[in-house]
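Student: The structure follows.
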Amino acid sequence: MVAQGFTVDLDKPLVYQVGHLGEAYQEWVHQPIVSKEGPRFFESDFWEFLTRTVWWAIPTIWLPVVCYSISVSIHMGRTVPEVALLVVFGIFIWTLMEYTLHRFLFHINTRSYWGNTIHYLLHGCHHKHPMDGLRLVFPPAATAILLVPFWNLIKLLATPTTAPALFGGGLLGYVMYDVTHYYLHHGQPTVEVPKNLKKYHLNHHFRIQNKGFGITSSFWDKVFGTLPHSKSAKNR
């Protein structure tokens, strides 16, 4: 694959190559290679290991944290109905974060060496290799780092008794998002709602990549006007 005189060698570690594409990076990264075998990112086996995560690691690692956080608010005196509402609100806030991150960070246009490199690690690799099953969910080590400012922000905005449940709800929303995202790529839904959601997300990957930023739902796409046009509407 040649762009501006630079050839990306898919048989070599990609992370330190993609930056050399410069302005051609955006076109290159949005030409997907549909293969279940993902590319190698790093020469180092250690760093390569950190980029690969099985989907079931996400609920296994984070659901106990969710349960603990929720239980803290209950032990601090909040009633179960109050905590349930806080958890639901935390999930709702996560859906907005999911949309915002996907639209404004994961789809930012980059052209510099380090901009391209960071974007590829964050999200570009997923659009280039959308069926790479070991890079569909977020690595737990990176999630743990990001949870620190997330928790501090919630502590700043909420009361001591409500903050843990809100945090647990937001984290539960993330877990739901990540396992849903994996299922939309590798599952074979037979029920109407997940079937439509799978079509909606794959449409984002393979047809209109600057629309349809919601993963778990199209709600925020409708709110902010980024809902992709259907083929039937386009042909009218």
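Every residue gets a Cβ built from N, Cα and C, even glycine.
Note that TrEMBL annotation is computational and uncurated.
Note that the structure is predicted; figures quoted are calculated from it, not measured.
Annotations per TrEMBL:
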DOMAIN    87-226  domain 'Fatty acid hydroxylase'
TRANSMEM  53-71  transmembrane segment
TRANSMEM  83-101  transmembrane segment
TRANSMEM  136-154  transmembrane segment
Student: May I have the DSSP-based helix, strand and coil counts for the residues of the domain 'Fatty acid hydroxylase' (87-226)?
Tutor: 98 helix, 0 strand, 42 coil
Student: Sequence-remote contacts (6 or more beyond its ends) of the transmembrane segment (136-154), Cβ cut-off under 8 Å?
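Tutor: Same-chain contacts beyond the flanks: 50-53, 55, 57-58, 61-62, 126, 163, 166-167, 170-171, 174, 178-179, 181-182, 185-186.
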Student: Can you give the mean pLDDT for the domain 'Fatty acid hydroxylase' (87-226), rounded to a whole number?
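Tutor: Here the predicted model's pLDDT, averaged over the domain 'Fatty acid hydroxylase' (87-226), is 96.
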